[in-house]
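**Student:** Reproduced below are the annotations present in TrEMBL:
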- Asp255: active site, proton acceptor (ACT_SITE)
- Asn14, Met15, Asp16, Gly42, Lys43, Gly44, Ala45, Asn46, Glu143, Asp255: substrate binding site (BINDING)
- Asn187, Thr223, Leu224, Gly225, Ala226, Gly227, Gly228, Gly254, Asp255: ATP binding site (BINDING)
- Asp249, Thr251, Ser285, Arg288, Gly290, Ser294: K(+) binding site (BINDING)
- 5-297: domain 'Carbohydrate kinase PfkB' (DOMAIN)
Amino acid sequence: MDYKPKILVIGSANMDMVIQSDHFPSPGETIIGGKFSLIPGGKGANQAVAAARVGGEVSFISKLGKDLFGETNLENFKNEGIDTSLIKQIPDQPSGVALITVDSSGENTIIVAPGANSHISTVDIQAADSHFEHAAIILTQLEIPLPTVLSCIEKAKKKGKPLILNPAPATDLSEAFFEGLFMITPNETEAELLTGIQIRDDDSAESAAKALFGKGVQNVIITLGAGGAFVYTEGFKGRIPTKKVQAVDSTAAGDTFNGALAVALAKGESIEKAVQFALKAATLSVQRMGAQSSIPTLEELSLKN
Ligand code: ATP
């Protein structure tokens, strides 16, 4: 019951600075906005926090600046029980930040300054040999340099460890990323960018998943927002629906899905069961505001049906 599988997450950590406003400023204009919030974010960090909250023993490889946001993020990871021994604070770069404005209709504009995240390098991956060896599952995304992501994939293959690639944000990838990859988890937009197939229904989701499977990925899972997820593996092909809910904020829904999926798979669940668990976690997260603030704990998930 209490077994905590080891999950290794490699990725970005940001500080999200969010201002709510009636409208967006035009170029050259200064406006007085509303509420300001400072929220830890970044896809890597969100997925590490999600995996830790739903029962993983998480190690996180990332980089932060030696600044206030770096300290705050580090403290946050420690509070979540995440192993921070592989997180480096570098002196010559600021921590990653995202400047976000949200207008009264819920529309947003986001500009990210990756800062220290751009310096997570293949050297950092080479130095993490024992963490790769001890991990039950490895999880990474595309908010860090692509050669670093590729070196994670290659190292995981060499060590015989399953790696989940969440190909977000949407970026074109060379064939080297796919061949022999254990699992890929694009959303609809990312799946379309990677395959050229627009996802409109179950048939087109299956075609896109099949195309990724054809590139050499062993297990393809396309998340479909309120539609759940389409799974394409050797043994199971089909859409797994999720509960109908009143969504208030989908920020970090994909990150929650990936963190929960990694933990369930690492605990030995079948892919179908693991996807059901990840859907439950992600669908709960969209009913709450914010990124990390919306990610549920294992306790909350076992209480909900
Ligand atoms: P985001 O970028 O907003 O973090 P995403 O685009 O990467 O998310 P989605 O496919 O939108 O990923 O959503 C991931 C999962 O979150 C879905 O598979 C589902 O479980 C849940 N989800 C998202 N939107 C909804 C919704 N409107 N209703 C119920 N569940 C949802």
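Heads up, residue numbers simply count up from 1 along the chain you see.
Just so you know, glycine gets a Cβ as well, placed from its N, Cα and C.
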**Student:** Quick test of your reading of the structure: among the binding-site residues Asn14, Glu143, Ala226, Gly290, whose CB sits under 6 A from ligand 1?
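**Tutor:** Within range of ligand 1: Ala226.
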**Student:** Among all chains shown, work out which of the binding-site residues Asn187, Thr251, Ser285, Ser294 has the most CB atoms within 10 A of its CB.
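**Tutor:** Answer by Cβ density within 10 Å: Ser285.
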**Student:** Report the residues of the chain - excluding Asn14, Met15, Asp16, Gly42, Lys43, Gly44, Ala45, Asn46, Glu143, Asp255 - with C-beta within 8 Å of the mean position of the site's C-beta atoms, for the recorded substrate site, in sequence order.
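**Tutor:** Leaving out the recorded residues gives Gly11, Ser12, Ala13, Pro40, Gly41, Gly96, Ala98, Ala291.
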**Student:** So which recorded positions out of Asn187, Ala226, Gly228, Asp255, Arg288, Gly290 end up within 10 angstroms of Lys43 (substrate binding site), measuring C-alpha to C-alpha?
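**Tutor:** Checking each Cα against Lys43 (substrate binding site), the hits are Asp255.
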**Student:** Fill in the CA-CA distance, Ser294 (K(+) binding site) to the residue listed as 'active site, proton acceptor', as an integer in Å.
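**Tutor:** With distance taken Cα to Cα, the residue listed as 'active site, proton acceptor' is 11 Å from Ser294 (K(+) binding site).
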**Student:** Checking the recorded positions Asp249, Asp255, Ser285, Arg288, which are within 10 Å of Ala45 (substrate binding site) at the Cα level?
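**Tutor:** Hits: Asp255.
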**Student:** Which of the three DSSP-derived classes (helix, strand, coil) applies to Asn187 (ATP binding site)?
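**Tutor:** Looking at the DSSP assignment, Asn187 (ATP binding site) belongs to a strand.
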**Student:** For the recorded K(+) site, enumerate neighbouring residues of the same chain (Cβ within 8 Å of the Cβ centroid of Asp249, Thr251, Ser285, Arg288, Gly290, Ser294, site residues themselves excluded), in sequence order.
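**Tutor:** Residues close to the K(+) site, other than Asp249, Thr251, Ser285, Arg288, Gly290, Ser294: Val248, Ser250, Ala252, Ala253, Val286, Gln287, Met289, Ala291, Ser293, Ile295.
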